[in-house]
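Going by TrEMBL, these are the annotated features:
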- 69, 76, 77, 78, 135, 161: substrate binding site (BINDING)
- 113-213: domain 'Fe2OG dioxygenase' (DOMAIN)
- 120, 121, 122, 204, 205, 206, 207, 208, 209, 210: 2-oxoglutarate binding site (BINDING)
- 131, 133, 187: Fe cation binding site (BINDING)
Ligand code: SIN
Ligand code: FE2
């Protein structure tokens with residue numbers, strides 16, 4: 001007999017106007033996404049970037065797509081080539097692009113054409129402090145975020161650093177889309193708790209799809 005766990009049923013939740021959590025939206029394709037991450041990382045390895053202020057980030061990152069996000073002493077920016085290898089960033093595989101487009105559509109953004117996918121890797125203790133995604137020139141397009149592996153507490157605030165923050169547990173297969181009036185809202189990830197996920201071990205991955213220009 002098939003058993004259905006309430007936990008695995010999809011539901012949606014509007015954080016603020018323009019921002020929605022699509023619970024378990026990517027669950028059934030998660031193993032394919034993880035294989036794709038491994039393939040991308042074999043071409044463009046995960047690395048701990050350094051902020052313009054000289055701090056090494058606890059989250060390890062890589063990218064696929066026409067553009068990739070990079071940070072160093074000169075600032076935050078998108079590049080066409082991986083500064084580590086000098087090669088173009090790996091192409092964005094179709095399964096990633098299509099998932100991002102379907103999630104954006106579901107959230108009310110039917111014409112999403114991402115040109116960058118930032119891949120974040122968190123181990124226990126890794127975190128992302130409150131920030132805005134503002135290195136993209138195209139502010140009409142939303143951000144689509146896909147979570148895989150260990151759960152993490154996502155913080156979603158408002159237009160200023162002082163705005164009240166909502167906290168949502170993002171689990172394996174969850175997707176968050178924010179755009180429109182919430183496109184530049186502050187967000188972050190609390191330190192990842194210890195744990196072991198059957199598909200990733202002690203790791204959380206997050207994919208964020210962006211339209212940079
Ligand atoms: C990000 O803000 O770029 C990533 C968010 C996350 O890891 O959930
Ligand atoms: Fe972000």
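From the backbone N, Cα and C atoms, a Cβ is placed for every residue, glycine too.
TrEMBL: automatically predicted annotations, no manual curation.
Structure with TrEMBL features highlighted.
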residue: 76; record: substrate binding site; DSSP class: strand
residue: 120; record: 2-oxoglutarate binding site; DSSP class: strand
residue: 131; record: Fe cation binding site; DSSP class: strand
residue: 161; record: substrate binding site; DSSP class: coil
residue: 205; record: 2-oxoglutarate binding site; DSSP class: strand
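Sequence-distant neighbours of residue 205 (2-oxoglutarate binding site) (same chain, 6+ residues apart, CB-CB distance under 8 A): 34, 37, 119, 120, 121, 122, 147, 148, 149.
Ligand 1 lies within reach of 120 from the binding-site residues 77, 120, 135, 161, 205, 209, judged by a C-beta closer than 6 angstroms to any of its atoms. Annotated pair residue 78 (substrate binding site) and residue 133 (Fe cation binding site), C-alpha to C-alpha distance, rounded: 12 Å. For the binding-site residues 77, 187, the greatest number of Cβ atoms within 10 Å around a candidate Cβ is found at 187.
Looking at the domain 'Fe2OG dioxygenase' (113-213) alone, the prediction's average pLDDT is 98. Among the binding-site residues 120, 133, 207, the ones whose Cβ sits under 6 Å from an atom of ligand 2 are, in sequence order, 133. Cα-Cα distances to residue 187 (Fe cation binding site) place 161 within 10 Å, out of the binding-site residues 76, 161, 207. Between the CA atoms of residue 207 (2-oxoglutarate binding site) and residue 69 (substrate binding site) there is a gap of 12 Å, rounded to the nearest whole number. Surrounding the centroid of the Cβ atoms of 131, 133, 187, where the record places Fe cation, the chain contributes additional residues within 8 Å, namely 128, 130, 132, 134, 143, 185, 186, 188. Local packing around the Cβ, expressed as the count of other Cβ atoms within 10 angstroms, is greatest for 209 among the binding-site residues 69, 76, 122, 209. A gap of 15 Å separates the Cα atoms of residue 69 (substrate binding site) and residue 131 (Fe cation binding site). Within the same chain, residues at least six positions away from residue 131 (Fe cation binding site) with a Cβ under 8 Å of its Cβ are 186, 187, 188.
With 69, 76, 77, 78, 135, 161 listed as the residues that bind substrate, the site has a largest C-alpha separation of 24 Å. Note: residue 133 (Fe cation binding site) has non-local neighbours 143, 183, 184, 187, 208, 210, i.e. same-chain residues 6+ apart with C-beta under 8 A of its own C-beta.
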